[in-house]
Amino acid sequence: MAKVAASSCLLSCLLVLFLSSVSAVTDVDKQVYIVYMGSLPSRADYSPIAHHMSILQEVTGESSIQGRLVRSYQRSFNGFAARLTESERERVADMEGVVSVFPNKKLQLHTTTSWDFMGLKEGTRTKRNPTVESDTIIGVLDSGITPESQSFSDEGFGPPPEKWKGVCSGGKNFTCNNKLIGARDYTSEGARDTDGHGTHTSSTAAGKAVVDTSFFGIGNGTVRGGVPASRIAAYKVCNELGCYPDALLDAFGDAIADGVDLISISIGGDETASMFEFDSIAIGAFHAMAKGILTVNSGGNSGPNPTSVSSVAPWILTVAASTTNRGFVTKVVLGNGKTLVGKSVNSFDMKGKKYPLVYGKSAASATCDAAAAESIFRLCKEACLDKSRVNGKILVCGGRDGLKIAESVGASGIIFRNPRPDVAHVHPLPASGLLTEDFESLVTYLESTNSPQATILKTETIFNRTSPVIASFSSRGPNTIAVDILKPDITAPGVEILAAYSPDGAPSKNDIRHVKYSVLSGTSMSCPHVAGVAAYVKTFNPKWSPSMIQSAIMTTAWPVNATGTGIASTEFAYGAGHVDPIAAVNPGLVYELDKADHIAFLCGMNYTSEDLKVICGETVTCLEEKEILPRNLNYPSMSAKLSGSDSNFTVTFNRTLTNVGTPSSTYTSKVVAGHGSELSVKVTPSVLSFKTVNEKQSFEVTVTGNDVDSEVPSSANLIWSDGIHNVRSPIVVYSYTNDEY
């Protein structure tokens, strides 16, 4: 009996161990998922917890769901979290009433990411010079500012710097403080921002840290500028009618006299650059440069067309726009359960309700052209839509035209084919812009279903996407005015940026909402990022000239990988690369320029005395012995446009470097290949030795090659390194026929 009992015990123990091992394996296979079921039913007899338990019992086949149900949502919306296997997750996702099922991933508290993405961390994680930062004044020429915004609170600030000579002339009910130390208006409307653009750019450059900020829950985190301890002076030069050169020049003059340290101007021309003598920004920035003030300017939003960059003067730091590691996506769930991923900043919650889809002939008015009604890609013109057919439904459009009138014709939402899938915008109703492939899937669904339906989900935030990538809208070079000056100079975050906004404005056209923080995209957003970086660099190097700050930012930039083919993906898209704030503080060497250098450059471009007087504000006589070839301007990048007949070529660049690093240092040159056909690059001398700080050393770069592709420039990178600093300059050689300009 003892033996039998022992054997029975052994079998029982083995069985327990076996079952435990099976259970352990099963637990490993399970993951916590959130099952979202939209809004709560209004039925009085509905019990969320009972419904959730019933679903779990059906899916798992288990009578007891103890250890399965993690939590039940039954107050503001319907759903639950549960431990499920992958096959169980798939079964739940297919059940009626389930909107979506997604993993319960661990989240972290985030800032609004752009400054963290660039390495300029919040608080004590970034080295700062608070006393000098507090004495730094950024002048913002824009649509005004919202003085009451938390981003411009002066809590903790002392009085304005003694050098400040400006005024607070913002108009009625406008008050400055020790953060927003000055305001001027050039529109006769007061300096208050009624648009939102100026408030957004000002807070991006120098706004205080404001925690728990979002656009209706999207992008939640801490909003801050690059130099939150610095001061802001606002110059309102734009209103709903536009921005005009007379106001811009007036504002430049005032900003210079008021004592600003930097000027940020997210304003520009259309798709073509103007000759310097007709360019009010170039003229104003020249005067600022002569007084030791750097102007940072947006490159324009006319990309990816070549020669579309509008800010091309070498005394301006021109900024392109690129992505960060964060993006926004808005999913569309079709009536058949298929999910399509689109782009928009959608804060509206349709609560999982599926609405009828209307498109093509089903949305067309009787007066609409028959061919247009047939084509989903030509519809969504106001004259073609029948309001009674669209009202209460989701409108489907082959382009963005429908966005302008979707709400006015009573649509509950809009799904459109997005020609620029890299950027999400705010819209006044539920919206999602689909990539071409997903849009074609939608069309297939529409054409194969009698009563097509869909719902548009609230925007989700995604991280760790490939970055940085130059935005499709960001204007491209080559430079059409000074063809041997590479533009844009640098790129910075300009896609889906959350920052302060004016509650007097609307976050999108025809939007009735009013917000204090909003999401915008454009080189207007990347420009103040670089202005903030320039201010940050200046706080550690307060005696540096504008050209030294510009050089430091350009030569320490991250290299950017090309995406796509042709000019739009090369240095003509991003210049020297992506701004790196921390590295720019200590570049080692800089390329210096002053007013006389720029005048010699303009003389080399054959500007007349009359033209020079317009730009410089004084009588200038060009002396032949002081003229320089434009390509020999001591610029941080090197670029040369070849004539169409140069199949074999030799181009030289003359440059001078100034030591701002270690007193005794030796730099060795290295050339790294870039795009296009191979270039032979010789640097003479190939080694530069410095004995003191501020010592200058000159060198020559000789570039030879042949058969440069007219569609893709040939490029390389020259890097001077002392083992600590890497001073990098792009070299670009390109060829275009005159009729391409």
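Every residue gets a Cβ built from N, Cα and C, even glycine.
According to TrEMBL, the feature signal peptide maps to 1-24. Sequence annotations record features per position, and here TrEMBL assigns domain 'Inhibitor I9' to 32-110. Sequence annotations record features per position, and here TrEMBL assigns domain 'Peptidase S8/S53' to 134-577. Residues annotated as active site, charge relay system in TrEMBL: D142, H197, S524. The domain 'Subtilisin-like protease fibronectin type-III' annotation in TrEMBL covers 632-733.
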**Asked** In angstrom units, rounded to an integer, how far apart are the Cα atoms of D142 (active site, charge relay system) and S524 (active site, charge relay system)?
**Response** 10
**Message:** Considering every residue in the domain 'Inhibitor I9' (32-110), what is the mean pLDDT value?
**Reply:** 79
**Among D142, H197, which are active-site residues, the residue with the most C-beta atoms within 10 angstroms of its C-beta** = D142
**Message:** List every residue in the same chain as S524 (active site, charge relay system), at least 6 positions away in sequence, whose Cβ is under 8 Å from its Cβ.
**Reply:** H197, H200, T201, S266, I267, S298, N301, G494
**Request:** Write out how many residues of the domain 'Subtilisin-like protease fibronectin type-III' (632-733) are helix, how many strand and how many coil, based on DSSP.
**Result:** 1 helix, 62 strand, 39 coil
